[in-house]
Amino acid sequence: MIVLVGLLLLCSGESLHGLQYAPMENPDLFGGDMAGTDLNVDKNAISREDRLWPGGIVPYVQDPGLEETIKYMFLVDRAMDNYKKKTCIRFIPRTNEKDYIRLHPGQGCYSFVGRVGGPQIVSLGKGCGWQGTITHELGHAIGFYHEQNRSDRDDYLNIFWENIQSGQEDQFFKMSPLQNILLTPFDYDSIMLYGSLTFSKDKANRLRTMEGKDGRYLNDVNTKQLRTEPPLHETTAARSDTSEYKQRQDRALATIYYGIDEQYRTLISSTASKAWIILKEQFEHVSRASAIRLLDEFFFIKFIPDIDSIAVFIDGIREMVKRLKDVGHPLDDMFSDFQAIRTLPQEFQGIVQILYRWPDEDFKLDKIEVEFIAEENLLKQLKNDLSKLEFNDNSVSAYASSKFNKRNVSENCKPKPDG
């Protein structure tokens, strides 16, 4: 993981290339103000339980240099109070907590994303003395990424890549649908959305790097007020279930699509409309942790040859479906159908390919079970018959003793003596 890359080099408001940057546009930090972020590791950090603050409680300390600035103390207190009024987050002075944020008058404005363990810096240096800026950096510490990095941002923003400072294109990285949590619709007024001139090549001439799809200008963070942000740390059981649900949802989606052999994905594409409708219906928010755990278990049901029979395997699927229905989360039949075929061993692939060609009305678990049991019995019989066959020295399928010998004169193999 990249930790505080290049922070020691951020001096006097100059980047390594001598280009002036705004306090929230550090060129050596992802997004301009997010420290400790590795694009290949932390893309969905806020969906990880270990990055959230337990109970929504965020302990903090203020470094002496910050406390000496009356204005900053006032703005910090007001920002924390706004979070208390509009969200379930609570900032409390640290006593002996191991994990806490350290408000520090550093070079520029930046923060880690979510709880990283131990003391973590939230830098509020020169140029960060704005209510919106401080609220924004505290938002990162809580666990929020930038609004412009959302997976659905292209539906709401125009990005002008040609206007972005050279080498800073990664600051406008877009996450994939499985790499972020979208708890609310896109918000043009979000405290986590940067302005239209962020990382612009020519701010003096108002050269925009992004704007709304409708052409709207995006205001800078320091002009915005905190709205009611998505409650990542809701202290009720329902919200904690939601966080767990999102992780299991992503795994389930990956199991369905990326776990299926490529040769069989044509079935998914041929029924894409129905498949996506089912996915949407089945993965709507549920607040009951028991249903979420059962759903996870369902996708990990697997046929184990020589231990389970097909009948026992299918009964296990039916039992899990019944348990899910009992807790208020019924599954569409297609889930059972796919689960029955996707983990079968290689010897069943012949019948599996035949079943994939069945019309939808015949592709049902009961009919699939009948075919699999018949195939299972056939394979058992074949294995049993093969075990009874005696070796025949004179078989047309047996090679001669000197076959493949270098000189074709000596024996490579010969029958064992009787007895």
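Using N, Cα and C of the backbone, Cβ positions are placed for all residues, glycine too.
Remember, it's a predicted structure, so these values are computed and weren't measured experimentally.
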Per TrEMBL, the coiled coil among 29-56, 337-364, 365-392 spans residues 365-392
Considering the binding-site residues H136, H140, H146, which residue's Cβ sits among the greatest number of other Cβ atoms within 10 Å? H136
Just the number: how many Å between the Cα atoms of E137 (active site) and H146 (Zn(2+) binding site)? 10
Counting across all protein chains shown, how many other Cβ atoms sit within 10 Å of the Cβ of E137 (active site)? 27
